[in-house]
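Structure, as structure tokens:
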Amino acid sequence: QGVRNHVTCRIYGGFCVPIRCPGRTRQIGTCFGRPVKCCRRW
């Protein structure tokens, strides 16, 4: 998927985290470049 900013992340139902995705979530893209990940629940 082409999630590369926080707006697209929100559209896909995700949220931005500066560390790795917590708990039962998976990374679906990035928010503000590489370090900040866009995560979403399974």
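Glycine is no exception: its Cβ is also placed from the backbone N, Cα and C atoms.
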Problem set entry | Swiss-Prot annotation, disulfide partner of CYS39 among CYS16, CYS21 | CYS21
For this session: Using a 10 Å cut-off, grab the number of neighbouring Cβ atoms around the Cβ of CYS38 (disulfide bond), all chains included.
Result: 26
Exercise. So for CYS16 (disulfide bond), how many other CB atoms are inside 10 Å of its CB?
Worked result: 16
Problem set entry | Local Cβ density at CYS9 (disulfide bond) - other Cβ atoms counted within 10 Å | 23
Problem set entry | Where CYS16 (disulfide bond) sits in the secondary structure, as DSSP reduces it to three classes | strand
Problem set entry | Residues satisfying Cβ distance under 8 Å from CYS31 (disulfide bond), sequence separation of at least 6 | ASN5, HIS6, CYS9, CYS16, LYS37, CYS38
